[in-house]
Amino acid sequence: MLDKTYEPASVEGRHYARWEKDGSFKRGQKPGADAYTIVIPPPNVTGSLHMGHALNNTLQDILIRHKRMLGLDVLWQPGMDHAGIATQMVVERQLDAQGIKRRDLGREKFLEKVWEWKAESGGTITGQLKRLGASCDWSRERFTMDEGLSEAVLKVFVELYKQGLVYRDKRLVNWDPKLVTAISDLEVDQKETQGKMWHFRYPVEGEEGAYLTVATTRPETMLGDTGVAVHPEDERYKHLIGKHCVHPLTGIRLKIVGDDYADPEQGTGAVKMTPAHDFNDFEVGKRHDLEMINIFTPTAQINDEAPEKYRGMDRFEARDAVIADMDALGLFEKAEDHVHMVPYGDRGGVPIEPYLTDQWYVDAKTLAKPAIEAVDSGKTKFVPEQWTKTYYEWMHNIQPWCVSRQLWWGHQIPAWYGPDGEVFVETSEEEALAAAKAHYGKDVELTRDEDVLDTWFSSALWPFSTLGWPNETPDLVKHHYPTDVLVTGFDIIFFWVARMMMMGMHFMKTEPFHTVYVHALVRDEKGAKMSKSKGNVINPLDLIDQYGADALRFTLTSMAAPGRDIKLATSRVEGYRNFTTKLWNAARFCEMNDCLPGREFDPKSAKETLNRWIIGEVAKTRSTIDEALASYRFNDAANAIYQFVWGTFCDWYVEFSKPLLNGEDEAAKAETKACAGWILEQILHLMHPFTPFITEELWEKLGKGADQPLITSSWPDLGEDLIDQAAAEEMDWVVRFITSVRSVRSEMNIPPASKMPSFLNDADDKAKGWLQAHWDLISRMARLESYVLDGEAPKGSVEILHGGAQIVLPLAGVIDLEQEKARLEKAIKKADGEITKIDKKLSNQGFLAKAPEEVVEENKARLTEEQDARAKLQASLDRILAAM
RNA sequence: GGGCGGUUAGCUCAGCGGGAGAGCACUACGUUGACAUCGUAGGGGUCACUGGUUCAAUCCCAGUACCGCCCA
């Protein structure tokens with residue numbers, strides 16, 4: 001006997017362990033079957049499960065479990081990325097606490113520490129994904145720093161280099177002075193900041209008293225100024241082009257250049273140029289051959305290029321010093337409040353510096369072409385489609401991708417330098433040495449590039465590197481690549497999706513997935529993004545503890561409507577927890593009545609209308625779910641099963657079955673037992689992808705047990721031929737009969753316990769037959785004690801419209817006639833409203849002429865129906881009035 | 001500034017050219033042998049606004065207002 005309530009905490013772990021032990025998640029168990037493959041968006045090794053992960057992985061798990069049950073050779077490829085910056089920061093912080101500095105430790109020792117950290121505390125998210133129920137093939141788990149994946153990285157880097165698609169260049173990069181590394185454009189957050197616009201005067205060389213006023217938000221960069229730009233057509237300054245200003249602090253001659261970049265409308269129209277520390281100035285500087293003076297150390301202190309007094313100051317200190325010095329010289333004009341954008345490093349959290357360094361770049365523009373083409377041609381589709389635009393937007397304006405990072409944790413760049421700086425890019429030191437020998441004609445010493453690659457460089461290879469590319473198992477790659485669908489949030493379309501597309505197209509010649517399903521962001525109840533600083537984070541693990549993993553999964557699924565963010569309220573989770581309880585109790589009912597799943601039953605053989613009806617309903621539900629999942633409408637799928645289980649099976653079928661299960665008709669009883677058990681079996685199967693734990697638990701307890709687990713059983717194959725329209729019509733009539741009587745009873749304040757007689761008047765033969773056939777359950781559920789067909793009811797009875805017939809309840813003396821009068825008048829008013837509306841439509845010539853015939857017919861039928869109903873209501877009202 | 005999305009019941013959201021829907025919340029009643037994490041019934045909406053297209057608009061188009069996101 002099942003316990004009275006379902007306790008998720010006591011069963012979830014057991015089932016997960018069991019599935020794992022059985023190897024249920026493993027690929028390759030269906031010889032000859034088509035593959036279905038999803039690669040997990042690799043979570044960060046330092047990360048822990050947040051709501052976004054919970055949603056993302058629930059959706060993937062639903063697809064995976066569904067396809068697994070459909071008999072495909074399913075691979076859900078799990079793993080993590082090494083999160084270069086984040087991980088290095090974590091370990092450095094730990095060492096700091098022990099008073100150890102990374103630099104003192106040395107590269108090799110430090111990396112040992114990182115691996116130690118990974119072994120001890122990395123990857124907590126893996127265990128958390130298991131708690132969610134994620135059925136990944138853990139036997140194939142990969143890590144971007146694994147040997148195999150690292151080999152893929154080396155091969156890709158070297159090949160791209162040899163094809164000229166990776167190159168070294170000296171340009172301005174986004175430099176994080178806290179982490180002391182370059183970062184990519186995408187890792188920079190622009191933050192609106194209240195600052196000041198400072199106006200200073202630069203004296204013009206050789207013209208006593210003449211000066212140019214320039215404005216800047218960053219006075220400290222003046223120490224690196226090498227020019228002033230004005231618009232070439234600007235009458236105020238035209239004559240100065242070619243002349244110089246003299247920098248009052250550094251003494252440097254600032255060339256005055258004419259360039260369109262200077263906007264005459266903006267400020268004074270004269271712009272100071274710091275080509276080594278500003279992206280725009282850099283471009284202008286290149287055009288006019290301005291000197292580039294780097295005034296910062298890697299940690300953003302003033303270096304030796306600046307006058308001595310500023311050296312060693314940090315950038316903010318230098319700002320104050322520059323302002324004070326210019327003021328002392330009488331060259332400070334004014335300062336205005338000014339809101340502007342300041343770039344911040346998304347990891348380090350300090351303002352980034354545009355910084356002139358040598359870095360490695362990927363020629364993203366070239367790689368983007370086939371990746372764009374793959375989407376153009378429809379080989380890869382975005383769902384919802386609108387994200388295609390976002391993808392194009394990025395791809396068409398793509399910039400060179402800076403992939404080198406001045407870190408230790410990551411894939412060290414396979415580039416070696418000869419004594420004269422000649423670079424040799426090879427997959428190993430031996431090959432580099434060999435190449436160097438060929439180049440120099442003798443053995444030379446090489447030094448390896450210190451830097452590592454951007455983590456996303458390795459993530460970009462994920463769909464094929466995880467399958468074993470470039471080595472071993474070519475069959476595996478062939479079988480599972482291209483993968484099927486990528487499930488991800490829109491926030492990493494640029495970071496990850498676009499880059500996987502580029503690398504996939506280049507190295508595999510085929511798109512990495514045919515569909516990119518982009519899901520919503522999970523926000524808090526009020527729609528705010530969840531963040532630690534706001535303190536509005538809901539931890540999915542807390543919800544799992546409180547309500548069970550199934551409830552959380554079902555909540556996220558039912559809210560995962562395409563193209564919308566999810567505002568998560570815990571009341572929703574509670575509601576779906578109640579749903580799992582409901583299922584549990586329905587199963588308990590089945591158990592008590594010996595209606596067990598897993599037994600032989602042929603739904604086609606069912607004779608009872610009730611059973612034929614519910615069989616048809618479950619068949620419809622199955623196809624709704626399949627269609628919804630095929631088009632990634634997860635919410636529709638979840639709502640269909642919810643509606644069927646609660647609204648149809650529990651609310652009606654279970655109640656209807658009671659008289660049969662307790663009745664005398666042994667054949668009907670046996671069929672109903674078998675059928676109810678079979679329906680429960682279908683429910684457990686259909687719900688399994690959404691709520692794997694409770695369904696497996698019920699299957700184990702009531703069905704075929706742990707030896708034939710649900711997870712690897714077959715998805716229901718229920719054909720259209722199981723849908724019996726006549727049975728549906730009949731049961732619908734019964735349901736509406738009961739609902740109508742209940743409604744009137746409730747409105748008339750008839751005590752629920754009291755039974756009453758009834759009449760069915762003006763019914764056709766079919767309806768009369770239905771009433772007789774289903775009297776047992778109608779009388780039970782509508783609390784009626786008898787019926788008379790076409791009898792004469794006493795005056796003052798309540799008359800209820802039911803289809804073309806009337807249900808009459810002789811309640812004279814029991815009910816309040818005034819109240820009944822009001823009820824009928826309200827119903828008449830409603831009918832009148834409908835009649836007026838339809839009448840208006842039907843008297844419109846345009847409508848009759850242009851609307852499709854079936855719409856016109858439908859409206860005509862409705863009009864007749866409403867008029868008929870109105871007439872009967874009026875007659876009832878007349879009788880009530882007569883009785884008053 | 002450029003792009004994208006949203007505005008439907010008190011709340012969270014579906015729907016999307018021809019009869020306004022769900023869950024939660026609310027109200028009333030209710031321990032009939034699965035279930036009070038429940039049952040039965042009920043109230044509640046000029047589908048943001050203004051125009052246009054159409055026989056017909058919550059739905060399509062244009063504009064306005066407000067909200068949100070992405071990119072400069």
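The backbone N, Cα and C atoms fix where each Cβ goes, glycine too.
In TrEMBL, the annotation motif ''KMSKS' region' applies to A:529-533, one of the ranges A:204-208, A:384-388, A:529-533. Packing against the motif ''HIGH' region' (A:43-53) from elsewhere in the chain are residues 80-83, 86-87, 90, 118, 122-125, 128-129, 132, 143, 489, 521-522, 530, 537-541, 556, 568: each is 6 or more residues past its ends and has a CB under 8 Å from a CB in it. Mapped onto DSSP helix, strand and coil, the domain 'Methionyl/Valyl/Leucyl/Isoleucyl-tRNA synthetase anticodon-binding' (A:611-755) counts 110 helix, 0 strand, 35 coil. Averaged over the coiled coil (A:814-876), the predicted model has a pLDDT of 86.
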